[in-house]
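Q: Take a look at the following structure, please.
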Amino acid sequence: MVRFALTIVRHGETRYNKDKILQGQGVDEPLSATGFRQADAAGIFLSNVKFTHVFSSDLLRAKQTASTIIGKNKFCKDIVIQYDARLRERKYGIAEGRPLSDLKAMANAAGEQCPSFTPSGGETLDEVRTRAKNFFEFLCQLSIEEECQKEQAVPGMAGNGLETLEGKPVFPLRNHCCGLELNSDTGKDTKMLNPNILVVSHGAYMRNWFGYFVLDLKCTLPSALKKSQLSSVSPNTGVSHFIINLGNGDVIKPEISCICLNRDDHLADVNTENV
């Protein structure tokens, strides 16, 4: 059995986020001062998590967020962040660099609803979902291959990315995510929870990815989660956490449990009035 943990974080605020201007892929803005404070807060919140892999969109706002989060980590400051174009924001074509209100006007003129409307030169939701599906299946395959390598090296032994250097399982979300504990399983199951992956991406992309989890892969959700939350874009540096069970290496039909979605508890002391 192969199980792994997946933590997905949206990038911090940029000045375009603040001004409600679409960035997509064509506008590569850096984080604002508030965005860096948000990333610092997320990094502190996740500082006790021993990530085994870190992936980020190759757009600047995501790269800066990932670097800041890892810079606060107690166990993996030197981990190599892998940048992947599959994690980029949805491409908005001619709407990029323009106010969100312009996109809504375009959709209205076409007789369509936002966000399903695709402006000229932009990606359809199906195209974005295909990107997300491709990347997720890559993560699943990575986890399977690494588990096989560990079994070959030391039969019966599996690592646990959720353990500190002292061997104690830690994850801050276990006390914050709808009353669920990440490591409440038996010791045997906990040892099989590997790797522990951090992904930093973008709002519209993440919403589509989560939709794929729920609609296509039948991801189980916390009982307290409202349906409206599924269609909402994550706040800047919002944290979502999932446990993926691949059974006997089944990449096609993984079992996914959502521990929490778009949580922003760590931003309580950050000035986010313009996020």
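First residue shown is number 1, and so on along the chain.
Glycine is no exception: its Cβ is also placed from the backbone N, Cα and C atoms.
Reproduced below are the annotations present in TrEMBL:
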BINDING   Arg10, His11, Gly12, Glu13, Thr14, Arg15, Tyr16, Asn17, Arg61, Glu89, Arg90, Lys91, Tyr92  substrate binding site
ACT_SITE  His11  active site, tele-phosphohistidine intermediate
ACT_SITE  Glu89  active site, proton donor/acceptor
Q: Using the alpha carbons only, what distance in Å do you get between Arg90 (substrate binding site) and the residue listed as 'active site, tele-phosphohistidine intermediate' once rounded?
A: 14
Q: In Å, how large is the greatest distance between any two Cα atoms among Arg10, His11, Gly12, Glu13, Thr14, Arg15, Tyr16, Asn17, Arg61, Glu89, Arg90, Lys91, Tyr92, the listed binders of substrate?
A: 20
Q: If you count other C-beta atoms within 10 angstroms, which of the recorded positions Arg10, His11, Arg61, Arg90 is the most crowded?
A: His11
Q: Other than its own, how many Cβ atoms are within 10 Å of the Cβ belonging to the residue listed as 'active site, proton donor/acceptor'?
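A: Excluding its own Cβ, the residue listed as 'active site, proton donor/acceptor' sees 26 Cβ atoms within 10 Å.
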Q: Cβ distance under 8 Å to Thr14 (substrate binding site), same chain, sequence separation 6 or more: which residues?
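A: Counting only residues 6 or more apart in sequence, the Cβ neighbours of Thr14 (substrate binding site) under 8 Å are Gln23, Glu29, Pro30, Leu31, Ser32, Gly35, Arg61.
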Q: So of Tyr16, Tyr92, which of the binding-site residues has the fewest other Cβ atoms within 10 Å around its own Cβ?
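A: Relative to the other binding-site residues in Tyr16, Tyr92, Tyr16 has the fewest Cβ atoms within 10 Å.
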Q: For Gly12 (substrate binding site), which residues of its chain lie six or more apart in sequence with Cβ-Cβ distance below 8 Å?
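A: Result: Leu31, Ser32, Thr34, Gly35, Phe36, Arg37, Gln38, Ala39, Ala42, Arg61, Gln64, Thr65, Thr68, Asn236, Thr237.
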